[in-house]
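Feature annotations, reproduced from TrEMBL:
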{"type": "COMPBIAS", "residues": "615-634", "note": "compositional bias 'Acidic residues'"}
{"type": "COMPBIAS", "residues": "1276-1289", "note": "compositional bias 'Acidic residues'"}
{"type": "DOMAIN", "residues": "53-307", "note": "domain 'EML-like first beta-propeller'"}
{"type": "DOMAIN", "residues": "328-592", "note": "domain 'EML-like second beta-propeller'"}
{"type": "DOMAIN", "residues": "719-977", "note": "domain 'EML-like first beta-propeller'"}
{"type": "DOMAIN", "residues": "996-1262", "note": "domain 'EML-like second beta-propeller'"}
{"type": "DOMAIN", "residues": "1402-1665", "note": "domain 'EML-like first beta-propeller'"}
{"type": "DOMAIN", "residues": "1685-1952", "note": "domain 'EML-like second beta-propeller'"}
{"type": "REGION", "residues": "606-634", "note": "region 'Disordered'"}
{"type": "REGION", "residues": "1273-1293", "note": "region 'Disordered'"}
{"type": "REPEAT", "residues": "250-265", "note": "repeat 'WD'"}
{"type": "REPEAT", "residues": "330-354", "note": "repeat 'WD'"}
{"type": "REPEAT", "residues": "1229-1261", "note": "repeat 'WD'"}
{"type": "REPEAT", "residues": "1691-1719", "note": "repeat 'WD'"}
Amino acid sequence: MADRTAPNCHLRLEWVYGYRGHQCRNNLYYTAAKEIVYFVAGVGVVYNTREHKQKFYLGHNDDIISLALHPERVLVATGQVGKEPYICVWDSYTVQTVSILKDVHTHGIACLAFDLEGQCLVSVGLDSKNTICVWDWRRGKVLAAAPGHTDRIFDISWDLYQPNKLVSCGVKHIKFWGLCGNALTPKRGVFGKTGDLQTILCLACAKDEVTYSGALNGDIYVWKGINLMRTIQGAHGSGIFSMNACEEGFATGGRDGCVRLWDLNFKPITVIDLRETDQGYKGLSVRSVCWRGDHILVGTQDSEIFEVVVHDRNKPFLIMQGHCEGELWALAVHPTKPLAMTGSDDRSVRIWSLIDHALIARCNMEEPIRCAAVSTDGIHIALGMKDGSFTVLRVRDMTEVVHVKDRKEAIHELKYSPDGAHLAVGSNENTVDIYGVVQRYKKVGECISSNSFITHMDWSTDSKYLQTNDGSGRRLFYRMPSGKEVTNKEELKLVQWASWTCVLGPEVNGIWPKYSDINDINSVDANFNNQVLVTADDYGLVKLMRYPCIRKGAKFKKYLGHSAHITNVRWSHDYQWVVTIGGADHSVFQWKFIPERKSKEALHIAPQETLADSNSEESDSDQSDVPEMDSEIEQETQLTYRRQVYKEDLPQLKEQCKEKHRTTAMKKRERAPGNGIKLHFIHGYRGYDCRSNLFYTQTGEIVYHVAAVGVVYNRQQNTQRFYMGHDDDILCLAIHPLKDYVATGQVGRDSSVHIWDTDTLKPMSVLKGFHQLGVCALDFSADGKRLASVGLDDNHTIVLWDWRKGEKLSAMRGSKDKIFVVKINPYLPDKLITAGVKHMKFWHKAGGGLIGRKGNMGKTETMMCAVYGWSEEMVFSGTCGGDICIWRDMFLMKTVKAHDGPVFSMHALEKKIVILCSDVALWDDTFERCLKTYAIKRAVLAPGSKGLLLEDNPSIRAISLGHGHILVGTKNGEILEVDKSGPITLLVQGHMEGEVWGLATHPHLPLCATVSDDKTLRIWDLSPSHCMLAVRKLRKGGRCCCFSPDGKALAVGLNDGSFLIVNADTLEDLVSFHHRKDIISDIRFSPGVGKYLAVASGDSFVDIYNVMSSKRVGVCKGCLSYITHLDWDKRGKLLQVNTSAKELFFFEAPRGKRQTIPASEVEKIDWSTWTCVLGPSVEGAWPVISEVAEVTAACLSNDRRVLATGDDLGYVKLFRYPVKGKYAKFKRYVAHSTHVTNVRWTHDDSLLVTVGGGDTCLMIWAHEPEGLREFKPCDSEESDIESEDDGGYDSDVTRENEINYTIKALSTNMRPMTGVKPHLQMKEPSIDERPPVSRALPQPEKLQTNNVGKKKRPIEDLVLELVFGYRGNDCRNNVHYLNEGADIIYHTASVGIVLNLTTSCQSFYVEHSDDILCLTINQHPKFPNVVATGQVATSPSIHVWDAMTKQTLSVLRCFHSGGVCSVSFSATGRLLLSVGLDPEHTVTIWKWQEGAKVASRVGHTQRIFVAEFRPDSDTHFVSVGIKHVRFWTLAGRALLSKKGVLSSIEDARMQTMLSVAFGANNLTFTGTISGDVCVWREHILVRIVAKAHTGPVFTMYTTLRDGLIVTGGKERPSKEGGALKLWDQELKRCRAFRLETGQIIDCVRSVCRGKGKILVGTRNAEIIEVGEKNAACNILVNGHMDGPIWGLGTHPSRDVFLSAAEDGTVRLWDIPEKKMLNKVNLGHPAHTISYSPEGDMVAIGMKNGEFIILLVASLKIWGKKRDRRSSIQDIRFSPNSRFLAVGSTECAVDFYDLTLGPQLNRINCCRDIPSFVMQMDFSADSSYIQISTGAYKRLVYEVPSGRQITEQIQIDRITWATWTSVLGDEVVGIWSRNADKADVTCACVSHSGLNIVTGDDFGMVKLFDFPSPEKFAKHKRFLGHSAHLTNVRFTNGDRFVVSAGGDDRSLFVWRCVHAPH
């Protein structure tokens, strides 16, 4: 019988021939040790040229394609391809991994680069977005990631002279990146006119923001900043692939085969043309250069590496070569010499010396080569070609002997016969031809039986037979040399084969996996001497197996290195080496074979580290020597913890169901009960599938877990305290080395680990986001800082955490098989072990990954436990067979037989070890002898025990030592304490594995009985002794039980359809019956004397027995389904029955006749008990999501006031009885993990007893009736559906909730335009294209330029000078004091504004790309003037910046799609809280300085308005929103939250909450929509300040220095009240302030309090400062309150301007004074405004079609008129002041003659206008007017006749007084390419006539030259406005530009910068 283990010999990689030059660049460098580092296939190679030695890095599992060298030149980073590619950082000296970076990129990693310090690494992915990622590589953490470009990126580099700057380049682009916070922000390089836009292949950074880059056409582009400065033409003949910077300058290498050296200023030094050198050839292409001192390394496309010495540059050394393009298939070894021959599709055949590791000969053929063979005497080499020919060469000098072409298809295999006489040639034409060698290769035979291409052949030793394999998987035999097929198997029995390279045949069955028919093994070769076989497959694995291997799925050792398919493998002639060749990687690998005797000595050499094991997992063949599986372990490995519904799914389920139930929710729902319950004691311990989950704490209490509860048990007082943070089964528990904190892991879709304090029972940290399904093992490190956890997912992921920070340090897939235990090395916290089914693994941390190696143990055993010994190398592990394995490092030193059963738990003491299986044994440290064993038997149970042992020697699952005792947990759910001297005390006990369903409470004693599927009936004492009084084993499990009314008898229903009645004290049988086949599901004594017994079964019958006579007296028939619940009425005459089909039936006792009783009567019946879950009186107990969460049990308290229910999700709920109407309110309690199977009140209602199905627990809850409850937080949550009333309606709140913030980049037309845009219109050619110049009149000026000085200067730039506006109407809490009140900060549009109150100067922060929505300041003294602002965007960012310097400190890119609506700094100022506008309203916490996200969680289904940190905390904050207030805690990286509890105040309703403030002692104040303020302590409502304001309380501010609170709301000003109030710290007394704004209703949106002053921002866009003492108001900022601002008019001679807006006001603004001078309320929305030429009159056009003329001096109305019904779009005075033109949406322009006086009669109008009028301009002589219309057409009319002018020549001659049109040939250039949805909305030409400024729907102001007739003219753009600019104007003398915003209701004033003379 062949040995089934893997062979003991092994292979070691010795040499790799080749270098990857194809599809890679910049991958060849000198290390600090002057070695050369590069890569080939999946191997990193470090090559020492002086000693001619190679070292290999084998940490990758697929092709490496990128490499970067650390600045210190020792560490190397390499990136690979693959589905989940990773980056390895490794040491080139030791070739060991330093760090693994994973889980970000997909497809592959195209480029890598280290920064100057070497702290950060940047990587570029091959995914569709070409993601760029910046890593802190030592910690394996992503610092920032961003999509790189839509097309491939070829190179990336850090700017080594400026921090946090990078440059990337690629297909048709170059980008300059800034890294700030967690955001990478790109700026595209501007090619401009200096060079063509083309693909950039490589780059290098220099000083002063200069970047050199190599382009595809061979030019070098030199960049300064982001602009192309100059090009160096023709640096190379074609593409420049590589550029390398060093101290002396730069080296570049290109496709033209040249290397050029340049000095530091990029002046050429020299050229090295490699094509011209001795080794050169035509078509040589350089892919990589590295220049160090006087040496240059060059890597070529064809896998060569040259080394050039600079002073002898025409003699380069060729130091490495390999095959190049095309596949490499041919391999042969020389029969007598250590030579290998290879041939490839590159048409070359090469001979390699295996001793010198060098290429010794090379010859180029005509055709691609596919196979090779060397004749037996070593003289000839035969090569099979792809075209069907073969060639024979002499090995000596590579001269041709013969060339034969008999076939057309490729020759895939050829072999010489052992006697040297024949050559067999196998082709893809399904034949083998036999040629005679001596007859000059004449064809002597052919084999034609195959029906597919020939893949492998072998000769027999006597050269008489040939065996072949073909592509269809057939193995055939032929007689030689004739080629006749042998079919007689007898003939073949004695044949011996000379070689074995076939993949088919009984000898090599084992190379194939067990259950697969895949043919991915390309080649095998047998080594007969050592009886090993080597195979090569498509996955790049070389495997070593025993030969022969007869059974499928043999064990093997596997070796990685080749990346893709390995095409061939051969042993060298003396079996010293194995040579393998890679198809796609063109490389030749040479492996040293280390036979068995040697490999013993080699043990001391550290094994080469690989990420894959050599003892592979897949190869578990049918081992004969596998120990039998222990049944318990078998059960345990098969347990699945999957749930149909996870608690995490509930919110979504509820949402889905809510829609259905909106209607019912409108009805008034039943209130929740006033009573509560509190968990008091749990009988149970989870031992049946968990281990090592029981410990002593610091104080000597005992901590363990059961169901979803962490229990801290005090054995002196016999009391329990509970940690209730989990919401599903806890599966594992670990204790901190200081014994004060505990970590517990639970089941869940995204399962979490909680670390909590055993004293306060508060969570310290919650770790989430990594493990799916559940967490099954945990361990703390010895210093207590780290925690290791193992998940239940298919890969059993291992994660190492820094648990206090909640940070994941590393993660890795653990193993396919279940892991039982993880342990961190106590001496080296970077190392850990895992043990589990069939494996033991030793891990160490490397950056963000873990590297694991299997322990070598010969045969694979299942390890149940493991523990570290007294040195870092020593490990003990216990197996399922009862052996103890002793390990040193990863080698098994010895095994000791310790037990008969599995070893479940071990514990190391000083020099002693405790182990247990079914007894406890103490061993010495070397496992020489067993010191002591403790048997666990009933006999030794001490008197103080709290229960009884069910059986002797139970299986032990946990052990812990301390306090002079050994603590033991058993599989049966008992916790025992073993004294050192021997006595045993039982402390806690519960049911064993199996569901518990049966529960009954005693009629007058504090006892209860339970019966379970574990086949026991138990009686429990509920009084303070909390112990199990009696237990009885049953022959079957049971599901129900019931005490008789006198308490003497106990009836028990069993699962086989029988039931028994036992004596309640002794548990001895009285009677038993067996009438049914199915489970007995409920059993009940009739009330009174208990004359009858009703027994319900799964057969859907209820049998009624007479207890006295023991006879069956009646059967209730008629139920259709399984019976679930029974109840008697008080008289014992009526039975109520529930079935699982939700039927409710009534039967009369004792005969069992069915009755139908109307619902109204049922309520009048007096029931003795109520445990039914159906019926009108309990209708409200069913939840919204009843489909998944059935109510399984109910019980009415004896005082008939409270109904307790249990359901499938593990909730216990209390309702007020009767529970009528749907969805009653309730209190709910979580402690059980899965379904609650039964609930019962005790006889006096003092306790509620519940049992859990899957968690086997019996829980006892203390009942706290109404009135008794002192004020304390209850652990219940309020009910599911909030009541619909939310405190009223308010238009402002509704608008803020429903507003859809437009994202600028996506904005569309503001005006309803039609037609073709100007830049897309075809120009009509004019009839004659202008007569010759001589005769023509000189072209008149386009524009009259009267009022500008003599010299006209163009405008170069615009600088933002002033902004009039403040965003108050839909944002809040966004005005703050800075610098002790000297400055204020606020925002509008996308600009943050700092206003100095003394000088009125504004300064701006303009880095946001879209509207700012929220603003906050950091109040910590360490961070003065630090501001955070959040914006609108699809993936928005938060900017943290310095208000004084406007420096950006950090940018946080977030996932709040839609925008960020609230930001808040924590007390220390280090954390920032943000809330999103995404559908989930995510809440996120950031460490803003690092840009790191700390935690994030779904906030609420509806809008959250504000979230703020408590002013004294970094971990507590409160969020408020639509019907929502939540109190949050940050624990590690998790956010835990509690809903506010309202039930403490009668009739309190959850309203929409708008604002929040804080007081001392955990008080929180929230302002509501109704004007009340709610006061909360912790999360309980304690009082309501009714009507603090009459309208919504929009804003509240907590003053840090004195705790006073300012509130602002919406109110009508009155004598006593105002919209602004200042309150004391408790919100008891207040003082109101009036805002003297003159508004009917004041609406305050933002408040802030400084020294003696209060700053108020209003809905009407005013910012007001109110003095606290004198209540004086000072308006600091004014703005339009509603937009858009349509009208804009600048004064003809002064720097003032007018604006008119939708809010019905016209306002006059003064630029030098920086303020509003006046405003006029018109009462209607205004649309346009214009000054007369002298500036004495103003015309205003209204939205309703009216227009008004005012006199400027007196603001009196001079005249008004309404001739149109719809909006006036533009209004203009003619330059001679005679005419007024009024353009409207009614497609008309009306003319009025002003000289006729103020009655304003229309004198004429322009007709035939195709669409509405947008802008109008008069000509300088007042005789023409041009009109731009909504159909993208510009028309010219005569004034005042209204006749249209169509002659182009005439139009061209007109000189215009003004130009505000966006249409016309002169302004085609202002339309941009991407204006498909959005338009240019407004324009204005400067008075000088040289510039035009435009505004568009994207919110951009652009400056062009005028005229700009060419399309897509060059321009400068200025950002700041929100979407939709409405108007833009130059002021007189072109000093300023004023732009008016649509969405942002703001006016921006820009200073014009003129070009110098």
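Quick reminder: no glycine exception, Cβ is built from N, Cα and C everywhere.
Keep in mind that what you see is a predicted model, and the values were worked out from it rather than measured.
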Key: Three-state composition of the repeat 'WD' (1691-1719), taking helix and strand from DSSP   = 0 helix, 17 strand, 12 coil
Inquiry  = Six or more residues beyond either end and a Cβ under 8 Å away: which residues meet both conditions relative to the repeat 'WD' (1229-1261)?
reply    = 643, 677-684, 686, 688, 706-709, 722, 724, 727-730, 747, 973, 990-1006, 1008, 1010, 1012, 1014, 1020, 1022, 1026, 1171, 1192-1199, 1204-1213, 1275-1276
Task = Grab the same-chain neighbours of the repeat 'WD' (250-265) for me: Cβ-Cβ under 8 Å, and only residues 6 or more beyond its ends, written as numbers and ranges.
result = 202, 204, 206, 212, 214, 218, 220, 235-244, 271-275, 280, 283-291, 296, 298, 308, 310
Remark   = Summed over the repeat 'WD' (330-354), the DSSP helix, strand and coil counts are 0 helix, 16 strand, 9 coil
Ask   = For the repeat 'WD' (250-265), what are the DSSP-based totals of helix, strand and coil residues?
value = 0 helix, 10 strand, 6 coil
Request  = Would you kindly list the residues that approach the repeat 'WD' (330-354) from elsewhere in its chain, counting only those six or more residues past its ends and only Cβ-Cβ distances under 8 Å?
outcome  = 15, 17, 302, 323-324, 360-378, 381, 383-384, 386, 393, 395, 398, 567-574, 576-577, 579, 581, 586, 588, 590
Query = For the domain 'EML-like first beta-propeller' (719-977), which stretch among 53-307, 328-592, 996-1262, 1402-1665, 1685-1952 has the most Cβ pairs under 8 A?
reply = 53-307
Message = Cβ pairs under 8 Å only, please: of the recorded stretches 53-307, 328-592, 996-1262, which one is richest in them relative to the domain 'EML-like first beta-propeller' (1402-1665)?
response = 53-307
